[in-house]
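**Q** Quick one: the structure is below, questions incoming.
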Amino acid sequence: MDRSVYIAMTGATQTMRAQDAVSHNLANASTVGFKAELSAFQSVPVLGPGANTRINAVAQGVGADETQGSIQHTGRSLDVAVNGPGWVAVQAADGTEAYTRAGNLQLDADGNLTDSRGNPVMGTSGPIDIPQSSKISVGTDGTISSVPMGQGPDTIAAVGQIKLVNPDPTQMSEGSDGLMHMNDGSTADTDSTVTITSGALEASNVNPSSELVKMISLSRQYEMQVRSIKTSEDDADDSSKLLQAS
Amino acid sequence: MFSSLWIAKTGLDAQQTEMDVISNNLANASTTGFKSSRANFQDLMYQNEGQPGGQTTEQTQTPSGMLLGTGVKVVGTEKLFTQGAITQTGNSLDVAVQGNGFLQVTMPDGTIAYTRDGSLQEDSTGQLVTSDGYPVTPAITLPTNVNSVTIGTDGTVSVTSNGSTKPTTIGTIQLANFVNPAGLESMGQNLYLETESSGTAQTGQPGVNGMGTLSQGSLESSNTNVVEEMVNMIQAQRTYEMNSKSISAVDDMLSFVIQHT
């Protein structure tokens, strides 16, 4: 059986897979703090006996596009956007520390500061607990100050500081929970150069036009793979006709 | 099999929900005491088809993994409790809450509901009720032959009767506040119910302990920012279109396979 059919088939399958990543990016075009997934094709030689002429294309995730999304002002004091590189530390479901740029922070009924998924936000000294306050403000270094309920506006108490980190991006990767984790399971150190803006959110950094162009180019690529399958079929037809004639 | 179709479908669903939220905000742009909502999106779980940092040999690691995203979902709608504009009505039974806090009303089943809509009225027995007829808690009953009603910023309600010049205090309006007002359940009719995530209500006199003050003769307008909602609407519409474009692109790919093989 001609191997080119198989190669073209894997090519088509992988193109479809790359299309998944494009669809996922477009679906998240308005998700706060979302970073577009990048994918690239990698050539993987097909191992086995015979001449080394067959190369499969494999769609490979190459991490996320780390460029900054646009900053949108919301005026809500618990919305924070990270300026430039850096991450907000949260506690993932498995208890380890993970990192996010989705800064639409919330308070739960016990006054614990959480991210929008309900993961506790890590402070420089453990999770942050905010007492019932009449006013909460977040400083650029992550310091949270509150005017406790029943106190005058002059009694501002610092209640914690959001842990902001900026590890080497090559040391981190995205987990299946959508949060960034350190590759070696360690905990990133606080980085005092990372700043945040309160009352604003970082929009998704998906560039819709480039995603649409990618989508069109993948569609055409797919059609070429299918065409190649068809050509292989025609070739096989022709050779069987030759065999019949002889 | 064709995840792209399902992924794009989650995008359509999410933008549809966003439009529902925006429409509700715009529909209530003139509702007294209305608080606008915001839909929060979240990327769905990633299919891990190759762990980043996995060992390819004893010395080398894969620089990146193979994580396929599976779309988006609306993780929640959140009420934004920013202050609405205070408008003067001149009606002595209209009160607006300036700052934190909710007026408390008793529902027919005895539970307490919370509202920012202070367009109060008097029922047949003289009791102060909301425009839907739910009595304000603690109950305040106006005596007959009332000449004028004064509601102080601290909630004190005093009346002067016909033929008298001396005002009499008949009760105090109390406010309730929550650790996490965003966790309240909206039940319509401008009313909210306490939930596990809002925390229990802390009641107190207006102006004391961080509670807001009352302003008689005025009402709090809806805090819907019409311009912002319009911008959000355009954005939601375009994102919807892009996701439907994804669906048609994948559909074209599939129809090409069917036609050409």
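Glycine is no exception: its Cβ is also placed from the backbone N, Cα and C atoms.
Those TrEMBL annotations? Automatic predictions, nothing curated.
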**Q** Quick one: which of A:110-132, A:133-155 does TrEMBL have down as region 'Disordered'?
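**A** From TrEMBL, the annotated region 'Disordered' range turns out to be A:110-132.
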**Q** Can you tell me which parts of the same chain pack against the region 'Disordered' (A:110-132), counting only residues 6+ beyond its ends and a CB-CB cutoff under 8 A?
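**A** For the region 'Disordered' (A:110-132), the far contacts come to 32, 78, 88-93, 97-98, 100, 102-104, 142, 144, 146, 148-149, 157, 159-163, 177-179, 190.
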**Q** May I ask for the residues of the chain that lie six or more residues beyond the domain 'Flagellar basal-body/hook protein C-terminal' (A:198-241) and have a Cβ under 8 Å from a Cβ within it?
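**A** Sequence-remote neighbours of the domain 'Flagellar basal-body/hook protein C-terminal' (A:198-241) are 2, 4-5, 8-9, 11-12, 15-16, 18-19, 22, 25-26, 28-36, 65, 67-82, 101-104, 137-140.
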